Amino acid sequence: MAPNIRKSHPLLKMINNSLIDLPTPSNISAWWNFGSLLAVCLITQILTGLLLAMHYTADTTLAFSSVAHTCRNVQYGWLIRNLHANGASFFFICIFLHIGRGLYYGSYLYKETWNTGVILLLTLMATAFVGYVLPWGQMSFWGATVITNLFSAIPYIGQTLVEWAWGGFSVDNPTLTRFFALHFLLPFVIAGITIIHLTFLHESGSNNPLGISSNSDKIPFHPYYSIKDILGLALMFIPFLTLTLFSPNFLGDPENFSPANPLVTPPHIKPEWYFLFAYAILRSIPNKLGGVLALAASVLILLLIPFLHKSKQRTMTFRPLSQTLFWLLVANLLILTWIGSQPVEHPFIIIGQMASLSYFSILLILFPMIGTLENKILNY
């Protein structure tokens, strides 16, 4: 029998073992589609970003004009820019759902996979932040000023660190240049960490909705899950293209249509929608260093999740109390997102503080408590 090149070629066999002959649990649901959707988002963002970079000028006097030029004069430039801007939103929608799936089904017990995933989230957030500065509109400039300024809360080295990051005494041309360099570099770093993420995942194999071993019943990834992923892809691309083609500026801030002006502060400085939950937590603490620590903790808390798992069952499939708590957490995050978009005044301040407190309470105190309680109820 002739050797199958797919299984013998040094490069093709790696692809084969990851995407074709990969043994996959037979019962994973549509919630397992988001990994491949994230890969597609990354590829889309790199391609559109590369095309945009060909027409972009990283200079404070030209950046805003170069983006306007791309939209007006470059063939399909408007489309490339809108795909890239809204592609970021869909990237975050997918990653939030992917993390939510991991929380619900106990996927975080694969610690290496989970930790590399958290690193991917942090890198994605950094990439999105530096990218938002590049069009050099009002919200770009003031967003960069406010967020980089947070580093000055670090004791002793803070101010030096901020001026070093800025390349001067304020957000200016050096800042824009280095942010462009970082925004170009980081997606490739994300691609590299993604490969590490997958390597760790394929060491153990995928989890499944029941949280039990799948070893007795595995099926090849292709054609079963390749076709399922393509369906998921189509279902994601329909709303993505609808948003991009019908209301491309729906998620953007009107302030960003004005060129950056250091002398005029916008009435409400706020980040893109996908950072609002963390921004609300930052603002809920009336102390600069405390706010920065809470902001960092709001994402880094994910690293603690594997250690807070007290249940004898892996997933929440058969744990109604934990399920209730999980959806409470989701509602809580939606409230935080809403609060982050509101001005700092009554009643939003107290709502934000309550939501921030309950966010940390649910994750750090209530989840382990309910897990232990469920064990007792089930006589474990």
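FYI, residue positions are counted from 1 along the chain as it appears here.
A Cβ is built for glycine as well, from the same backbone N, Cα and C atoms used for every other residue.
Note that the coordinates shown come from a computational prediction; the quantities given were computed from them, not determined experimentally.
Going by Swiss-Prot, these are the annotated features:
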type     : residues      : note
BINDING  : His84, His183 : heme b b562 binding site
BINDING  : His98, His197 : heme b b566 binding site
BINDING  : His202        : ubiquinone binding site
TRANSMEM : 34-54         : transmembrane segment
TRANSMEM : 78-99         : transmembrane segment
TRANSMEM : 114-134       : transmembrane segment
TRANSMEM : 179-199       : transmembrane segment
TRANSMEM : 227-247       : transmembrane segment
TRANSMEM : 289-309       : transmembrane segment
TRANSMEM : 321-341       : transmembrane segment
TRANSMEM : 348-368       : transmembrane segment
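Structure with Swiss-Prot features highlighted.
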residue: His84; record: heme b b562 binding site; Cβ contacts under 8 Å, 6 or more apart: Gln45, Thr48, Gly49, Leu52
residue: His98; record: heme b b566 binding site; Cβ contacts under 8 Å, 6 or more apart: Phe34, Gly35, Leu38, Gly117
residue: His183; record: heme b b562 binding site; Cβ contacts under 8 Å, 6 or more apart: Gly49, Thr127, Val130, Gly131, Leu134
residue: His197; record: heme b b566 binding site; Cβ contacts under 8 Å, 6 or more apart: Thr113, Thr116, Gly117, Leu120
residue: His202; record: ubiquinone binding site; Cβ contacts under 8 Å, 6 or more apart: Asn17, Ser18, Leu22
Response to the item:
For the transmembrane segment (227-247), the distant same-chain contacts (Cβ-Cβ under 8 Å, at least six residues beyond its ends) come to 30, 33-34, 36-37, 40, 79, 82-83, 86-87, 89-90, 94
Item to complete: With the transmembrane segment (289-309) as the reference, find which of 34-54, 78-99, 114-134, 321-341 contributes the most Cβ pairs under 8 Å.
Response: 114-134
Discussion item. Under 8 Å for C-beta pairs, could you tell me which stretch among 78-99, 114-134, 179-199, 321-341 has the largest tally with the transmembrane segment (34-54)?
Written reply: 78-99
Item to complete: Please indicate, using numbers and ranges, the residues of the same chain that are 6 or more beyond the transmembrane segment (348-368) and have a C-beta under 8 Å from a C-beta there.
Response: 280-281, 283-285, 294, 297-298, 301, 304-305, 308-310, 322, 325, 328-329, 332-333, 335-336, 339-340, 342
